[in-house]
Amino acid sequence: MSPRSCLRSLRLLVFAVFSAAASNWLYLAKLSSVGSISEEETCEKLKGLIQRQVQMCKRNLEVMDSVRRGAQLAIEECQYQFRNRRWNCSTLDSLPVFGKVVTQGTREAAFVYAISSAGVAFAVTRACSSGELEKCGCDRTVHGVSPQGFQWSGCSDNIAYGVAFSQSFVDVRERSKGASSSRALMNLHNNEAGRKAILTHMRVECKCHGVSGSCEVKTCWRAVPPFRQVGHALKEKFDGATEVEPRRVGSSRALVPRNAQFKPHTDEDLVYLEPSPDFCEQDIRSGVLGTRGRTCNKTSKAIDGCELLCCGRGFHTAQVELAERCGCRFHWCCFVKCRQCQRLVEMHTCR
């Protein structure tokens, strides 16, 4: 092997280790709770944190259970959004939780980083508004009368605090000495895109006040969107993600579209560095489970269809008996009574 090839292999290995470490904090999702943390020494025992995250944990003990919930939200949403794809966000009981999938510069890794940073920002913001955290509360910068004539009141979600904490905790590995590497630039961009998915979908919720339900006075507050909406938005960004490459721009390195004919990506778009594998065959070492045994849709021409999901291997068809409620009747007052019925359905699974 030539010296240049050796150097390239070493760089790829460093990037892989670097990227795996950056996402290891997602292992917190495997814990039932970290709310019982009451001593700084406990932070040292939390699996998956790098040293600077351990230091943040010690300074922010009360916030760590929100970080855990954010990690759980991210994994659950990833599995929902990718439920019909060849790679369906399957997790492992080891580090990193998504296997080596997140160590590659693919669009799947881009989504994982985006939804993870969004999960932390979302969970910490909601914890602020619900009064769980002493360090933050409602957003008091929103007040007075709006141009639309309603009164800002109630508890507006403190998204600024949630985003700031996510930036400090999630981005800490990339902002270290390797922050100029291609993967660090990619991860930082996608982390920020995840948080922007919340910011751009913030909504206004209102309550009317008046006699007999009239709306003589309307008070409103800003609220984060449902996390499912954030997931949908980021899944759309995944579908339209931009393949990029590092390039020297002035005195710094930046990511630019690999295809010069494509328009530049925005801060809200997802970016990736390399094509994805096909995820067809099981590769336990990489954390890829393959698609054998997966349920597929015989009539669909999309990615959930048997032809694509099964990677051309064909599929098995079996008659499966499903139990379901039927003949439901409302009884006064007040309950619904149903019978249990059996129904035969065809189930298709990949060979």
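Including glycine, each Cβ sits where the backbone N, Cα and C put it.
Copied from Swiss-Prot, the annotated features are:
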SIGNAL    1-22  signal peptide
DISULFID  Cys78-Cys89  disulfide bond
CARBOHYD  Asn88  N-linked glycosylation site
DISULFID  Cys128-Cys136  disulfide bond
DISULFID  Cys138-Cys155  disulfide bond
DISULFID  Cys206-Cys220  disulfide bond
DISULFID  Cys208-Cys215  disulfide bond
LIPID     Ser212  O-palmitoleoyl serine
DISULFID  Cys280-Cys311  disulfide bond
DISULFID  Cys296-Cys306  disulfide bond
CARBOHYD  Asn297  N-linked glycosylation site
DISULFID  Cys310-Cys350  disulfide bond
DISULFID  Cys326-Cys341  disulfide bond
DISULFID  Cys328-Cys338  disulfide bond
DISULFID  Cys333-Cys334  disulfide bond
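Location within the structure of each feature annotated in Swiss-Prot.
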residue : record                      : Cβ within 10 Å
Asn88   : N-linked glycosylation site : 17
Cys89   : disulfide bond              : 22
Cys128  : disulfide bond              : 25
Cys208  : disulfide bond              : 12
Cys296  : disulfide bond              : 21
Cys306  : disulfide bond              : 23
Cys310  : disulfide bond              : 21
Cys326  : disulfide bond              : 11
Cys328  : disulfide bond              : 9
Cys334  : disulfide bond              : 6
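Among the recorded positions listed (Cys155, Asn297, Cys338), Cys155 has its Cα nearest to the Cα of Cys136 (disulfide bond). Within the same chain, residues at least 6 positions away in sequence whose Cβ sits under 8 Å from that of Cys78 (disulfide bond) are Cys89, Phe111, Val112, Ile115, Gly231.
Spacing of Cys220 (disulfide bond) relative to Cys208 (disulfide bond) is 9 Å (Cα to Cα, whole number). Here the recorded positions are Ser212, Asn297, and the one whose Cβ sees the fewest other Cβ atoms within 10 Å is Ser212. Counting every protein chain shown, the Cβ of Cys338 (disulfide bond) has 11 other Cβ atoms within 10 Å. When the disulfide-bonded residues Cys136, Cys206, Cys220, Cys280, Cys311 are compared by the number of other CB atoms within 10 angstroms of each CB, Cys206 has the fewest. Looking at Cys306 (disulfide bond) and Asn297 (N-linked glycosylation site), their Cα atoms lie 6 Å from each other. Comparing local CB density within 10 A for the disulfide-bonded residues Cys155, Cys333, Cys341, Cys350, the maximum falls on Cys350.
Mapped onto three states, the DSSP output places Cys206 (disulfide bond) in strand.
In this structure, Cys296 (disulfide bond) belongs to neither helix nor strand by DSSP; it is coil. Checking each of the disulfide-bonded residues Cys206, Cys334, Cys338 against Cys311 (disulfide bond) by C-alpha distance, the shortest gap belongs to Cys338. When other Cβ atoms within 10 Å of the Cβ of Cys215 (disulfide bond) are tallied across all protein chains shown, the result is 11. Proximity of Cys138 (disulfide bond) to non-local residues of its own chain (separation of 6 or more, Cβ distance below 8 Å) is seen for Cys128, Ser129, Gly154, Cys155, Ser156, Asp157, Asn158, given in sequence order. Only Cys310, of the disulfide-bonded residues Cys206, Cys208, Cys310, Cys328, Cys338, have a C-alpha within 10 angstroms of the C-alpha of Cys280 (disulfide bond).
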